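Q: Okay, here's the structure, questions in a sec.
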Amino acid sequence: MHIAPLSPDDPPELGGYELLGRIGQGGMGQVYLGESPGGEPAAVKVIKPSVVDSETRLRFAQEVEILKTIWGARIAALLDADPEADPPWLATEYVEGLDLSRHVAGHGPLDALLTASLGATLAEALATVHKQGLLHRDLKPANVLLGPNGPKVIDFGLAVFAESSVSLTAANTVVGTPSCMPPEQANGEKPLTTAVDVYALGAVLLFASSGHAPYRADNIHLLFHQVVDASITPDLSGAPEELVPLLTAMLAHRPQDRPALDEVVRWCRALIEARGLKVAQARRRLTNFTASPAHVLDDLLAVARPVAPGSAPASARRAAPGSAARARTSAAGPAGPGGQLEDAPPTPPTPVPPPADPRLLFARIDIPAAPPAAPSADTTTAGTPPTDETVRKPDHDRGRPAARSGSGTSNSNEGSTRRRSLRHSAQARITAQRLREAYAASGPF
């Protein structure tokens, strides 16, 4: 995960969290790396003052309520929040690692085994979300973090309760990310079902294994035309042959033709076991291959410190993917953590070239009202900078999205009290110290 130094306009702290650096930003807000008074690292999300209004506060408060309700081993947990503050903010568990989009861009697609492991893990995570009466509605590679303990799902800003009395979606709008959005969501159909997340997961797994989305276009109108036109099939080129049947089913045009998430897990499990491995072994391989804790500090220092003449940049000094895992395996002997023999991590595949217009991959953007016909060649988004904004398209139905009902019982009291981790505290102190050193070396901003 890339962390940039704070700017002079950034607050030094929010809600008791000391802000150490910038993790990322979108059109609506900024995400910081923060540290609690007890040394716990956190991702602190802040709404930009320039966009704070009653509607934004309502949506942000709903996101906080959803995060209070949701739980799961593969969900980045809520630590604290204050949607009434100026500016509104929330703090979630900090997952140290790249998101799937950046990992594939830097290291190439995953092989069939690792993609199957990722699929089983994320399908279970989404099943947990659905059992709690929620739809994610915006699963995409950038919302999958590849941490040292395995993948985690983030960003529930567009999630909805199955029986919520207040919709997160403004009237007559459709929200989501076009490249991972199923046809019914793009068409503004209501109610939505859990099949929307199955489709999005299929798009994520296709990207993980091939480096591209189901549809590729040079402008947004053409992209939406491809998504909603049943005669245009998803582009599965580059995906491993073993995964094509699963991806075809998950990306089916009609929601009723897509498999349930438990079927996705069984499919992925069968592929893993056909390779002679247990699911837990495959997950350890995935984690060893994708988790790179050094990325945070290396990327930070590369930004904040000038490179000395004649020396290699931090990115060049960084170990090759999987080398740290191989070193750990060698030091521990041939057996893995469970005492079972583990094979060496896979060889990194060759990175794939970016799409014609990478801004169209996973951005949230504004689109026209009706389902678009094939557009003219002169309609492009070339002048629009990359953003992470919400897609807003007027529709003709104000019904709310529905998911399989669940208890939706809030466990905010239990979730807000988190056991402090010595490992996290030490890690946060090291990160904070190197950030301070980087700031001192970089001079005034």
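For all residues, glycine too, the Cβ spot is worked out from N, Cα and C.
Quick paste from TrEMBL:
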type	residues	note
BINDING	LYS45	ATP binding site
COMPBIAS	311-334	compositional bias 'Low complexity'
COMPBIAS	345-357	compositional bias 'Pro residues'
COMPBIAS	375-388	compositional bias 'Low complexity'
COMPBIAS	389-400	compositional bias 'Basic and acidic residues'
COMPBIAS	405-415	compositional bias 'Low complexity'
DOMAIN	17-272	domain 'Protein kinase'
REGION	311-445	region 'Disordered'
Q: Relative to the Cβ of the residue listed as 'ATP binding site', which residues of the same chain, six or more apart in sequence, are found under 8 Å away?
A: GLY29, GLN30, VAL31, TRP89, LEU90, ALA91, THR92
Q: Can you work out the mean pLDDT of the predicted model over the domain 'Protein kinase' (17-272)?
A: 92
Q: Need the DSSP three-state call for the residue listed as 'ATP binding site' to compare against my parser.
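A: SS state of the residue listed as 'ATP binding site' = strand.
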